[in-house]
Amino acid sequence: MGGEQEEDRFDGMLLAMAQQHEGGVQELVNTFFSFLRRKTDFFVGGEEGMAEKLITQTFNHHNQLAQKARREKRARQETERREKAERAARLAKEAKSETSGPQIKELTDEEAERLQLEIDQKKDAENQEAQLKNGSLGSPGKQEAEEEEEEDDEKDKGKLKPNLGNGADLPSYRWTQTLSELDLAVPFCVNFRLKGKDVVVDIQRRHLRVGLKGQPAIVDGELYNEVKVEESSWLIEDGKVVTVHLEKINKMEWWSRLVSSDPEINTKKINPENSKLSDLDSETRSMVEKMMYDQRQKSMGLPTSDEQKKQEILKKFMDQHPEMDFSKARFN
């Protein structure tokens, strides 16, 4: 059998042929065998039974590959389903604990590490600020940076700070997100165990509705952006909490709100580290890692990766032209 690299050599031509057969695969296969019968000696050129044997061997080979691929796909889907269920259960548990009033919460290792990182970043930012005050007060560059920061802060004034899951904790529900998906937990204060017939969950490409039957919906509005309806799902946890899993179509953006009626979160304060980098493709992962690096640099008042490149280019230009005076030059 041909190697995997050779398998797709004729895909374009065969695909064009397949598109011309309205009868589907059966008609395509019939055309192929008709070609062998009319234009070659496939059926009569060898020993009796050889053609049939070759067909059977080829069929068995590709059937085994197809069955193996299907088993692997089912295993992946089962793993993803289990991970989603565990994530939904964890989200539901957190939402349920929040509705039961304030209490002491034991941090997981991951949360403790994240909290320590935030503390370290805050200390670094304070140290950097102290150094800037001691060394470069009144410089035009610093004044412009401060004005720009004040302007950005003004635009984000009134926006919510993201929760640990890069979403929002609202009075009636809680949502978290990664670049590719979003999870929602809606707790219901009822004195009975919820069943599917008791709730209304309507997931559309750009609209979401969640609530109890016969009562005003808890969530009912236009989504921030489009979702894949066929890959989204919902379930009931502990008989009290409805959890909804949404697959984003655009996997390269952070949502600032779940539905249009929600208050916005400040997406500049999102921590990309809360998203699983291992789940992203190499291109997306490198982009997210760049975002993480730039975010750390900004928090410490240091130049981002793009700004560093510009500074390097400028430095090379200045080194190549020592005769030019750049002391009064201003750069954006």
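Every residue, even glycine, has its Cβ placed from backbone N, Cα and C.
As the structure is a computational prediction, the values presented were derived from the model and not from experiment.
Of the candidate ranges 19-25, 68-74, 159-165, 299-305, Swiss-Prot annotates residues 68-74 with the feature motif 'Nuclear localization signal'. Cβ neighbour count for K240 (N6-acetyllysine): 18 (other Cβ atoms within 10 Å of its Cβ, all protein chains included). K240 (N6-acetyllysine) falls outside any helix or strand according to DSSP and counts as coil.
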